[in-house]
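Q: Before I ask anything, let me first share the structure, which is written out below as structure tokens.
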Protein chains: 2
Amino acid sequence: MSTSSQSYPMSGGDDQHSYIHNSSYQKAGIDGVQEKARQYILENLDLLNMNPNLSTFTIADFGCSIGPNTFHAVQNIIDIVKLKHLKESQEDSRVAPLEFQVYFNDLPNNDFNTLFRTQPPSSKQEYFSVGVPGSFYGRVLPRNSIHIGNTSFTTHWLSKVPEEVCDKNSLAWNKNYIHCNNLIEEVTEAYKVQFEKDMGVFLKARAEELVPGGLMITLGQCLPDGVAMYETWSGIVKDTIGDCLQDMATLGVTTEEKIEMFNLPVYFPQVSELKGAIEQNIRFTIEMMEIVSHPLEAVQLSNNFITSMYRAILSTVIERHFGGSVVDELFRQFAKKLSEHPIDFEKCKKQMVYHIVLKRK
Amino acid sequence: MSTSSQSYPMSGGDDQHSYIHNSSYQKAGIDGVQEKARQYILENLDLLNMNPNLSTFTIADFGCSIGPNTFHAVQNIIDIVKLKHLKESQEDSRVAPLEFQVYFNDLPNNDFNTLFRTQPPSSKQEYFSVGVPGSFYGRVLPRNSIHIGNTSFTTHWLSKVPEEVCDKNSLAWNKNYIHCNNLIEEVTEAYKVQFEKDMGVFLKARAEELVPGGLMITLGQCLPDGVAMYETWSGIVKDTIGDCLQDMATLGVTTEEKIEMFNLPVYFPQVSELKGAIEQNIRFTIEMMEIVSHPLEAVQLSNNFITSMYRAILSTVIERHFGGSVVDELFRQFAKKLSEHPIDFEKCKKQMVYHIVLKRK
């Protein structure tokens, strides 16, 4: 029951290049905002009151990847729901003991084996785990089956690359850039249209899966209005990876044509675009929306950290297009380029973290 | 929330040695009895009547392995529930449209990646899939969350080998046999006690997970009363594998001591033992219990078929104890021994297939 979409999970397994060992930047983003979500749930979640006989509380993490961040995120939610339930049980003796079930969702080619095998042993005492294979750009769960949904740093991955950006005859052709760096207005527009469409599909599906009164917690990165990707450090990283591919084409390791056909299905909206896309949905009320700095935004990240982080994120999509043999060489060259021309984080414009709590009408 | 247990899934992946390509004997067993289960559900399932507003019908397959048998089993159940729902919708306009959710359960080290990737595309139109990692000898799902549970050829895998059968000082020491072939009475008794305990735990957990009125369909193999494993072809197969290990010990590939410490956590009860174990449970009524021949029981299986089937079933547990390097050589020797001394299926005593439908009180 999922729509077909391009499918590039984070690097699986648990070796040095895996997402497991290279996702601390994302974790810092989650840690930075979790307190507000906890506070909101504690003060406003009325599902428990509404259903005094509720026996199972269900949580879904959409785009969970392989951990450990997903385990932290759901544990945070469970802890606060338990606390609220305990408070309400004391006030109302009708409240039944609660069991928790957590749905870990990601693409069918996500490494669920590693997800299941690396789950903290303690979590088995806390909740029943299930894995849900399927693109979140479509329904993956039954109607009215989830109490709290969560997604962290996922919806910048679009369901697909807009076709025109690979079309040499289109005004929206992205030349030999490999991502939407906002240098070509028509490219930005094509990506923006795809983002808005995908966000609409995402929220429509979640609205069907959540129970009335259920919460959808959405965390991600965006750009301040007026800031372009090429001005941010992560935009510079992707442009530099593109430059390395060009160098490899010159050496005959890949070809110019292959690079022209390659674009990342990734888009970071500006704040006002994001707000517009969220407000378009009529099935949720916006309970909380805050735009904050990433806790590590001002930190001068080491070159090794940057290389490992982007290798874990991008190697699947690069491998699929260019073949597995280029990945090692590409990130070797990238590391070399970074050491020759380190990114000056002070001079970069900043991306922001958005943190939204929606409530199902 | 699962109990710890020894964990030996079927061979993963989809190469020539995988369970995917070597599970047709089990499929024949499922096909042989499914018509009666269909008939029972069609005539007796009253869940739909009891819950006219039911929006999601949930099915769980416990010990699903990696397919394709699990996909056939759940599709059979869905087809018949849909048919019944359609009939009742026509009689009663209050009946709501139904969505299906299927919980595929197996041990956490089962190859869920292959399970998800080999799911028939058509199934995505029929139901929402989730994977449930955890031993079915314990709770793996919330209370009252499943309408129909199924398990096919799984509960002969015990939660563990009874300790005394590996203890040289015990009367129940199994010498250098590698399974319960019923040649030593005390060994049989030790395995039987473990089987009864495990079946009790299995049914207790399922009783909590199923809704009142929910069905548990259980399919497996047993022995007619008075028949010993060493008299059946599958008993002879395991004794022959034990003989091959002995030969390999003589050649120094493994050791006598290692073999003495190795026993399969597998027990096939006699019919009366099975009935006793089922009847002990007070939370289910026995709606149907039939003991039939396996459709392939009288067929002279080819040596290749037998070798591939037992390699897919046993290689994980053998690898864990003896190391990965012995598996190829062991099954090469086994194939050789089989070709020198083919099993005379006509002379073997027959195992039986049991097929039980339980209803949650």
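If you go along the chain as it appears here, the first residue is 1 and each next one adds 1.
Quick reminder: no glycine exception, Cβ is built from N, Cα and C everywhere.
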Q: Of the residues B:N174, B:N181, B:N182, only one is listed by Swiss-Prot in the Mg(2+) site with B:E260, B:F262, B:N263. Which is it?
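A: Mg(2+) site check in Swiss-Prot: besides B:E260, B:F262, B:N263, the record includes B:N174 out of B:N174, B:N181, B:N182.
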Q: Which site among B:F136, B:F262 has the most other CB atoms no more than 10 Å from its CB, taking these as binding-site residues?
A: B:F136
Q: In sequence order, what residues of the same chain, 6+ apart, have a Cβ less than 8 Å from the Cβ of B:E260 (Mg(2+) binding site)?
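A: B:E260 (Mg(2+) binding site) has long-range Cβ partners B:C166, B:K168, B:K175, B:N176.
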Q: About how far apart, in whole Å, are the alpha carbons (Cα) of B:S135 (S-adenosyl-L-homocysteine binding site) and B:N263 (Mg(2+) binding site)?
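A: Per the Cα atoms, B:S135 (S-adenosyl-L-homocysteine binding site) and B:N263 (Mg(2+) binding site) stand 20 Å apart.
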Q: Could you name the residues, excluding B:N174, B:E260, B:F262, B:N263, of the same chain that surround the Mg(2+) site, i.e. Cβ within 8 Å of the Cβ centre of those residues, in sequence order?
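A: Near the Mg(2+) site, beyond B:N174, B:E260, B:F262, B:N263, sit B:V161, B:V165, B:C166, B:K175, B:N176, B:Y177, B:I178, B:I259, B:M261.
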Q: Could you check what DSSP calls B:L107 (S-adenosyl-L-homocysteine binding site) once collapsed to helix, strand or coil?
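A: DSSP call for B:L107 (S-adenosyl-L-homocysteine binding site): coil, neither helix nor strand.
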Q: Rank aside, I only need the closest one: which of the binding-site residues B:C64, B:D106, B:L107 has its C-alpha nearest to that of B:N263 (Mg(2+) binding site)?
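A: If we rank B:C64, B:D106, B:L107 by Cα distance to B:N263 (Mg(2+) binding site), first place goes to B:L107.
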Q: Ranking the binding-site residues B:C64, B:L107 by other Cβ atoms within 10 Å, which is at the bottom?
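A: Comparing Cβ neighbours within 10 Å for the binding-site residues B:C64, B:L107, B:L107 has the fewest.
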